[in-house]
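First comes the structure, then the notes that go with it.
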Amino acid sequence: MLRVVGLLGLLLPGLAALEPLSVGLAIGVASALTGYLSHPRFYCSYVECCPSAGRRLNATALKLQLDTKLFGQHLAKEVVLKAVMGFSNNPSPKKPLMLSLHGWAGTGKNFLSQILAEHVHPAGLRSKFVHLFLATLHFPHHDQVKTYKEQLQNWIRGNVSACPHSVFIFDEMDKMHPGLIDAIKPFLDYYEQVDGVSYRKAIFIFLSNAGGDLINKAALDFWASGKRREEIQLKDLEPMLSVGVFNNKNSGLWHSSLIDRNLIDYFVPFLPLEHKHVKMCVRAEMIARGYAVDENIVQAVADEMTFFPKEQKIYSDKGCKTVQAKLDIHEDIVMRDPKAKG
Ligand SMILES: Nc1ncnc2c1ncn2[C@@H]1O[C@H](COP(=O)(O)OP(=O)(O)OP(=O)(O)O)[C@@H](O)[C@H]1O
Ligand SMILES: *[C@@H]1O[C@H](CO)[C@@H](O)[C@H](O)[C@H]1NC(C)=O
Ligand SMILES: *[C@@H]1O[C@H](CO)[C@@H](O)[C@H](O)[C@H]1NC(C)=O
Ligand SMILES: [Mg+2]
């Protein structure tokens, strides 16, 4: 954009030699062009822009994506949709949206966060307004908590100043030093502004395995009493989850003032995935790779996974997490064995 304006600057003196009328015209054209180039619709198609205050997230599109892509998580889907719709339809939320996602390995916590982020900022995790923090990468040393706290506050302050709709995802919360997360409490509370910055449009998402054992047990109890998985309701899990996480030293939220002060809007439970969900993941992955779905391979990949508890073998140990790697191996076999290709 600057280059174009510069070019016009070079042209203008030449034009000035002509009669005043055409100079006026040239300036008019130049400013119209500059105006057009700096117009958000044009500018933001090349450079990522922070969404304007009035822009709403398309909840219909989000629901559609979750319905088709996220398997076996009726509770997580329901809670996240409710939370996000309420938040994005509210022109002046009183505090930032805070979700805490809990569940066993490979059940879709990162997957859902990614989908959600894409609906706020189309570039998703690549967006400069979406920030992913990994406890083991960004805050590895427990003796540097003080430094991390300051760093985290500066980052969040800087990022929200640049874009109020910033999304922050804290992965591996269970590996985070207890107390570190309390550094962000001032931003999460019901303040209109903190030092001239308003955090009320931001979204914070915490991911952890903490409480996964509680959720698994509840799911198994439902199964054992002959009830359908879809009958599990949020009220069967949410209270025990918030208490369990608060009292768990390895949850990243141990005795956290975020829970104490009720700043976490929703505890989102992810249920352990069954054999049939693993199969759905395999099919989805095959389609994503552009293969025809081969039920023999679907079955083979699902059968290679390990399941718990030992006797009943209902839930996948790693959810859908190793599906991609296992499919790679089968892909190799199919490639190498021409007979199997058909
Ligand atoms: N419920 C699900 N529906 C569809 N795909 C899923 C689901 N759960 C996991 N997957 C697939 O498995 C991959 C790994 O899942 P994901 O990284 O979201 O797990 P996670 O819950 O974050 O696990 P962890 O606690 O180990 O980090 C996803 O990228 C996705 O492809
Ligand atoms: C929201 O998404 C749906 C489904 O993708 C689409 O049909 C609809 O036009 C979108 N609405 C807006 C306002 O963009
Ligand atoms: C925004 O956060 C990132 C970390 O994701 C950090 O590196 C960057 O410095 C922050 N930006 C500002 C302006 O503070
Ligand atoms: Mg994860």
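Along the chain as shown, the residues are counted starting at 1.
In case you wondered, yes, glycine gets a Cβ from its N, Cα and C as well.
Automatic, uncurated: that is what TrEMBL annotation is.
Over in TrEMBL, the protein carries these features:
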- Gly103, Trp104, Ala105, Gly106, Thr107, Gly108, Lys109, Asn110: ATP binding site (BINDING)
- 273-328: domain 'Torsin-1A C-terminal' (DOMAIN)
- 1-17: signal peptide (SIGNAL)
Other than its own, how many Cβ atoms are within 10 Å of the Cβ belonging to Lys109 (ATP binding site)?
-> 26
When the binding-site residues Thr107, Asn110 are compared by other Cβ atoms within 10 Å, fewest goes to Asn110
Measure the Cβ-based neighbour count of Gly108 (ATP binding site), defined as the other Cβ atoms within 10 Å of its Cβ.
-> 27
List the helix, strand and coil residue totals of the domain 'Torsin-1A C-terminal' (273-328) as derived from DSSP.
-> 30 helix, 5 strand, 21 coil
Coarse DSSP state, helix versus strand versus coil, of Gly103 (ATP binding site) | strand
In sequence order, which residues at least six apart in the same chain have a CB under 8 Å from the CB of Trp104 (ATP binding site)?
-> Asn209, Gly212, Asp213, Ile215, Asn216, Phe270, Pro272, Leu273, Tyr315, Gly319
Gly108 (ATP binding site) - helix vs strand vs coil (DSSP) = coil
Looking at the binding-site residues Gly106, Thr107, Lys109, Asn110, which have a C-beta within less than 6 Å of some atom in ligand 4?
-> Lys109, Asn110
For the binding-site residues Gly103, Gly106, work out the Cβ neighbour count at 10 Å and name the residue with the minimum.
-> Gly106
